[in-house]
């Protein structure tokens, strides 16, 4: 560490790319690409951050405190990071070493923080064990005093003499001034930053910036004569009162402690490990390989414990690992050889028996004399304490001292440290739970303020009567046992102040027992004994130096009198009590508490900590779990208590397959198994409790209730006083008039509700079945089934019975046709708050419905089918459920992946009931769907001049483009991380050989693909061969068809449709298409070239029924169609779009030979021979759809034949000009005869403008009308006519009303229209847009009228109002209406133009 100054930050790599490549292959993700990008971002952040030695973070406890807001979903615990020298910087997830400034942003499951630290910065002086001022998290300021100051007290009476002793004051302690220390009477001892008072001999260390030497002197050594000569008694008292923590504690309590110091707290690894104790290390070798040539006793003596993997052992202190032991190996020699800096080894050198503080690396200055530290020697310690005691008093002292030793011996035995988790977790290792820090908050009983505490802070504040509350299995017992162990082991100086620590389980005592009897029975065992008199004397004499750890508290009434008095009258004894109590039992002891500690949910990193230790031999299993939970964030909270983790450990240990099945329901099953084992003697009581709690959970779930009161519990039959209930529910009473009850988590509530629903549906009692059906039928829409109740239904399926399953399957498969429910989508807000990830899922599903109702239907159908089949197979009722399944499949379109379901292996004939199966193949050729140029529309426009308050109505295209580019980049990065997988054909139907039934129709969607690779080709060959009919839809995928030639040639007789957009067909691909004999539909659009070879030979497709060609700006399409095309008499759809002039005569001939024509679209620029075209069309009696655009239209000619099309459903004349009134009137009259018309896009022109009101009236005769569009023709009178017609009830089926670009309508006309429009129950889209030159600035009354209008349109989901200049107040009105609208979650308002200019702001 060069000069302890700025550290140069070289580029470092935290990533193990070899392992990452393995992980990528395992999970099908390109993690390497993601890691490189993340590493670059991290490097940039490192360069910005401050480097150099950080003296403020040399305290491990302070480092630990920085992790309070740290993300819990990590692989490293804060304790591991703080012990390795790291603190949380607050910059993302970055942690930094206080010494070498190493900055890490990532975690690693395979490498601990200390290992990563050593690898990246082996030169770090903290890691090398040099004195850099590290303060262990359990370390204390009070130090063992030197026996003699050289020259005696007199030498240091003068402040300047004391100041001279600080010549070598360490660099890391410069935050505390030597002058301030010397002024307060202290002399530097030369050891670390330890100082000693020349007068009282009190010794202090661990000085940090901001420390006040006088305050420390007064707190720890208030009787010092020098202190009392310089400070008044009031000042000293104030110093003590203001001191944080250590109430009633002085330095004497630490100096005269009876606790043996096992190790100095300077290790950078596991400095509170239980393995400091040899017996506990020995216990870990019970599975040591018998064939190993090295005895485990020697390994234990050398500081090692067994990891459980191969013959790998790890040092509890330095963390070093050794393996591959051979005959003749000496563990101690190898330990010294490979890990010479190990603190444990250095300690062994210092002393063979009593383990003192490590000798300083630095030479001692003249201020002190070096003498052997013997203050912890038994005789000296006893003498210093007993010197003035009488004989009877000396007896209690000796017995108390003996008792302390017996207690320490008890607490360091394996039998004490093992968790008492009967049967279900008997294999859980000693260090697995004791090594975890629980998350704790402190609540002062008289203050509502809560604060998070680290474990060192808890230990510093132990005083008087305190409780630690938590749910069942939250770790209360572990926490108390950990305190007892740390005290006994000598690993925790913070606890040295206690001479006696009693851990007592209150569940195994009787009210008539004496305290001494309880202690003897529980803690001392055979041969151990202490009298009530001696115990009483010890407590009275030691007072604050006695700590009671009372576990399993259930109430004051059940306590023996002695313990009752210690709690209720603690002011008489002044002992310290920490009582572990379930959350719902706190109330009766709250009056006696000073502080209440509450254990929070078990952080996920603690789960990883336990599993990593428990399954160190199978770390891949733990990696899978972490990835599973990273993908399912809602489930991370299920490991909310150590007991849940212990349950899953047992499940994994007993059931290897469970390691690959990370279902939360499995965890809950394991937890319930634990309860059944724990309470197997009272199985009926447990079942009754689970049933009643399940009823409460079920009622709450369907009423969105996750908090309950006593009345709710009573109604469901839940007994809140039964202990079993506490394992399922928690009680909260703080700051509440009435207690509130919650289940252990929202998911656990759903689990219990699922258990109860299955119980009801499987019951023999009709009342129970009816109640179960009542709840099931409340899931009355597909969205509820796949969203709000998705998790619940999966839980139900895990319990499904043969009696319940067919009922559930039948109900689920009927939901897909509940159209009314689909149109009333709304999420359960309370549920979404508890399951935020479910909200994202809901948004996706809702967005899918908005964009593509067809895709939504297929998606929902597949999801419901999968769920139904889970029920059927889990309950072995496939035969009973098959009638419902087969009925569901009939005529449906699903994704190809459903064929992997087991059902299609068992029942391949069901495939024939489907309409079709879809498969999507997506590449990474990015294609923008939007043309940014805007030249066509905007090139002749001048930027509008508007007032500043209306500028928000326009967004510059550059800003929009920037956002769009960012979205594209996100998509690209996502695609790089998740490579496109091949269609999965590995299970179910695909394992049948031969395949008895074929896919009726296969729809293949290909997007943004280049040529297919060999793997995809092989998949397509198999899928095509299993299909009767194949339809292609290709977008931006040039070269794809040629690459799958082998597959097409094998199945060319099956291809019936080919739709191609934005791709170029090579000559070879055109020839390939011409070999498809069964082609019935051909669509070509938006290509840059004319596929002339294909078009010249269209007549070879003898079965062709549909031709759609949309090629704007390309050569005349009609001219390249062969004359023989007219022989295709089966043509049903002909759609031609070209912007060039065309020869009409050929088209006329074609139409004359297409008697079955249903759809005719034409866009081109010619006016000749229009009459012959109309005559030909008039002969097509089956026409359902007509669309004209471009200059290919003579109005009168078309109007004359219009009445012939009595079957017409869609008529689009948008943009066609009707100039004269006579023709327009005839057109209006003809409309009345088109009784089946569903969509009408009215032409424009002066003539139409004059008869607009007549057209509206004629529309009243069109009962099927769904879409109605008027552009450029409406005025105030005609637009109000639409409103009146609607209000009269004439447009009941209307879904889309488009009256945009009607600039003859004034503001008053709009206002009248809004005020009158009503009675459109199905209207979903209303368009009132104007162009930019026709922008309109309206008054508040008009906006208000629009708001009222919108509120009267209950189905409205889209409102277009571009060029309506709205200020902030106007938008507030609109948004308020939107919030209150029945479709508020779906209603979208378009009011902002995207333009290539900025508006001119008027002064």
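For all residues, glycine too, the Cβ spot is worked out from N, Cα and C.
Copied over from Swiss-Prot, here are the features:
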type	residues	note
BINDING	315, 318, 335, 342	Zn(2+) binding site
BINDING	473, 474, 475, 476, 477, 478	ATP binding site
DOMAIN	464-759	domain 'NACHT'
REPEAT	60-127	repeat 'BIR 1'
REPEAT	159-227	repeat 'BIR 2'
For the binding-site residues 315, 318, 342, the largest set of other C-beta atoms within 10 Å encircles the C-beta of 315
Listed binding-site residues (473, 475), ranked by Cβ neighbours within 10 Å, top entry:
475
Candidate binding-site residues 315, 335, 342, pick with smallest Cα gap to residue 477 (ATP binding site)
315
Between the binding-site residues 474, 477, whose Cβ has more other Cβ atoms within 10 Å than any of the rest?
474
Compute the C-alpha separation of residue 318 (Zn(2+) binding site) from residue 474 (ATP binding site), stating it in Å without decimals.
30
Residue 335 (Zn(2+) binding site) versus residue 478 (ATP binding site) - Cα distance in angstrom:
32
Give me the Cα-Cα distance between residue 315 (Zn(2+) binding site) and residue 475 (ATP binding site), rounded to a whole Å.
26
Compute the C-alpha separation of residue 342 (Zn(2+) binding site) from residue 476 (ATP binding site), stating it in Å without decimals.
33
For the repeat 'BIR 2' (159-227), residues assigned helix / strand / coil by DSSP
30 helix, 8 strand, 31 coil
Taking 8 Å from the centroid of the Cβ atoms of 473, 474, 475, 476, 477, 478 as the cut-off, which other residues in that chain fall inside it around the ATP site?
438, 470, 479, 580, 599, 641, 642, 643
Around the Cβ of residue 478 (ATP binding site), how many other Cβ atoms lie within 10 Å? Please give the count over every shown protein chain.
24
Cα-Cα, residue 474 (ATP binding site) versus residue 335 (Zn(2+) binding site), nearest Å, comes out at 38
Give the helix, strand or coil assignment DSSP yields for residue 335 (Zn(2+) binding site).
helix
Residue 335 (Zn(2+) binding site) and residue 475 (ATP binding site), Cα-Cα, nearest whole angstrom:
35
Just how many other Cβ atoms lie inside 10 Å of the Cβ on residue 476 (ATP binding site)?
27
